[in-house]
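Enquirer: Quick one: structure below, then a few questions.
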């Protein structure tokens, strides 16, 4: 996993150059937005169980066949696995948002995800829908538009962070497609 600083240093070192110019400005912006970034991650982490359960519930409500016999999440064991997997995805998205880099998500979560689900007979469409619901919910928490929130969320314009988080969820959706 490379954070924003490691990426810039690795790039500059590869060119045998000093860190400067646009790279330095990008790091300054990353640092100045650090509190917003941490508040956004805190909003996700503090509401993780609700985000995950709402996403899985929404997926099931839209496709009740999933909980019918032989459905993708029929049985307590399969439902528990579904909730666990959604929680893992959300956790790695939060890691990526905190570090400003998607490599931890790609390396530790998405690598082989589609093949694993296919081998287990888990329907990809349902997973993709749960990810889309999580993306929308996280967007609401980061942009401070979530209804009935319990905790304060990031102050100021956080649209860039919401867009960044959305990009991480898009990577998950692409990996499942």
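The backbone N, Cα and C atoms fix where each Cβ goes, glycine too.
I grabbed these lines from Swiss-Prot:
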BINDING   18  (2R,3E)-phycocyanobilin 1 binding site
BINDING   28, 35, 39, 154, 156, 158  (2R,3E)-phycocyanobilin 2 binding site
BINDING   50, 54, 61, 129, 148, 149  15,16-dihydrobiliverdin binding site
BINDING   77, 82, 84, 85  (2R,3E)-phycocyanobilin 3 binding site
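Would you situate these features in the structure and describe their surroundings?
Expert: Here the Cβ of residue 18 ((2R,3E)-phycocyanobilin 1 binding site) has 10 other Cβ atoms within 10 Å, regardless of which shown protein chain they belong to.
When secondary structure is read from DSSP and collapsed to three states, residue 158 ((2R,3E)-phycocyanobilin 2 binding site) falls in the coil class.
Cβ-based neighbour count (10 Å, all protein chains) for residue 54 (15,16-dihydrobiliverdin binding site) stands at 17. Under DSSP, residue 54 (15,16-dihydrobiliverdin binding site) is assigned to a helix (H, G or I) in the three-state scheme.
A sphere of 10 angstroms centred on the C-beta of residue 77 ((2R,3E)-phycocyanobilin 3 binding site) encloses 9 other C-beta atoms.
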Enquirer: By a simple count, how many Cβ atoms lie within 10 Å of the Cβ of residue 35 ((2R,3E)-phycocyanobilin 2 binding site), its own Cβ left out?
Expert: 12
Enquirer: Near residue 129 (15,16-dihydrobiliverdin binding site), how many other Cβ atoms are within 10 Å of its Cβ?
Expert: 20
Enquirer: Of the binding-site residues listed here (18, 35, 158), which is spatially closest to residue 82 ((2R,3E)-phycocyanobilin 3 binding site) when Cα positions are compared?
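Expert: The answer is 158.
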